[in-house]
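Student: Here it is, the structure in full.
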Amino acid sequence: MTDTITIRRPDDWHLHFRDGDVMRGVVPYTARQFGRAIVMPNLTPPVTTAQMAADYRDRIVAAVPKGVDFEPLMVCYLTDDTDADDLVRGAKEGVFTAAKLYPANATTNSAHGVTDVRKIYPVLQRMSDEGIVFCIHGEVTSPDIDVFDREAEFIERYLRDIVANFPDLKIVFEHITTSDAVDFVLESGPNVGATITPQHLHINRNAMLVGGIQPHNYCLPVAKRETHRLALRKAATSGSPKFFLGTDSAPHFKHDKESSCGCAGIFGAPYALESYLTVFDEEGALDKFEGFASLHGPAFYGLPVHEETVTLERTQVDVPEELALAGSSIVPWHGGQTIGWKFVG
Ligand code: DOR
Ligand code: ZN
């Protein structure tokens, strides 16, 4: 049995750092494990300009512990009024790595999101021309569509059309949760990839709803039924370069999740690699872990892989039920559980 595994330093291709004290509290968890991260722009107000992104990047860099090598990769929050010139200039100056579609009101801080994807087709054309990656929160928001069907419906209503119209645009279908999304990504050309979170590999929707409401298993897109979880595990551990690591680590205080209207989001950063590795181990796919965690993402984004390595060892780790954060507390993913791998460094 393999007892340690060493891989090139991985990156997190999708997470939320927030801002202020929370950001300063969560950045060290990610910087400890990952070399880079794609930082989502759904702040209040959202990060819509190159100047806002450059300032936000500076604040994040200031929160990285001394001696730790970590690079935040910034993302433009697309709106109906996105200034394509500013986006392209920001990308050329090395501020923007990607731009993100939040369908309006799909999730946390998405009220300023895009009301109709077709409105931003001129921006997508510029992004395609300039090689700027397009990250998509792929859920329709129509109230008539069942929350469990929103991702599959997004593919049919919007994504097929986007991919057909912009064959050269690099598209990341973020935090996929369904076999429909896996199939769509596999059927599409090499410009279409997807991130997969640890939670969607570990839990199905029962984990949210059985034995009482489990707010710490609630995120968006919501976990789906077991067949979908199995399809995601197969995709992640398949070795296909189309699938790569993106935790969607989304910190919310414990009291904000355990409330009459609990926030969507799972704080996956502290034990992210341990969580993913458990899945690869269970699937007998330890040899595929480095590709998913450290190689496929850089290849898709056209960035170099890291030269340094990280090591994990097989041993029992008790994950704390909660962590102190910004004068309050937060429940990490796997909080209160024991996991079978330890991040050594
Ligand atoms: O669960 C989620 N939380 N999904 C998202 O899309 C956004 C995120 C957040 O920002 O809290
Ligand atoms: Zn997210």
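In case you wondered, yes, glycine gets a Cβ from its N, Cα and C as well.
Where the annotation comes from TrEMBL, it is an automatic prediction and has not been curated.
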Student: Given TrEMBL annotates His16, Phe17, Arg18, Asn42, His137, His252, Ala264 as substrate-binding, which of Leu169, Leu220, Leu295 belongs to that site as well?
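Tutor: Site partner of His16, Phe17, Arg18, Asn42, His137, His252, Ala264 for substrate, according to TrEMBL: Leu220.
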Student: Which one, Lys100, Lys119, Lys342, is listed by TrEMBL in the same Zn(2+) 1 site as His14, His16, Asp248?
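Tutor: When TrEMBL describes the Zn(2+) 1 site, the candidate it includes is Lys100.
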Student: Please state which member of His175, His200 TrEMBL lists alongside Lys100, His137 for binding Zn(2+) 2.
Tutor: His175
Student: Can you list which of these recorded positions (Asn42, His137, Leu220, Asp248, His252, Ala264) have a Cβ closer than 6 Å to ligand 2?
Tutor: Asp248
Student: Whole-number Å distance between the CA of Asp248 (active site) and the CA of His137 (substrate binding site)?
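Tutor: Cα-Cα distance, Asp248 (active site) to His137 (substrate binding site): 11 Å.
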Student: Between Arg18 (substrate binding site) and His175 (Zn(2+) 2 binding site), find the distance joining the two CA atoms and give it rounded to the nearest Å.
Tutor: 18
Student: Give the number of CB atoms, excluding that of His16 (substrate binding site) itself, located within 10 Å of its CB.
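Tutor: Around His16 (substrate binding site), other Cβ atoms within 10 Å: 24.
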Student: Compute the C-alpha separation of His16 (substrate binding site) from Lys100 (Zn(2+) 2 binding site), stating it in Å without decimals.
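Tutor: Pair distance, Cα basis, whole Å: 13 Å.
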Student: If you draw a 10 Å sphere on the Cβ of Lys100 (Zn(2+) 2 binding site), how many other Cβ atoms land inside?
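Tutor: A count of 25.
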Student: Which whole number is the mean pLDDT over the domain 'Amidohydrolase-related' (12-303)?
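Tutor: So the average pLDDT across the domain 'Amidohydrolase-related' (12-303) works out to 97.
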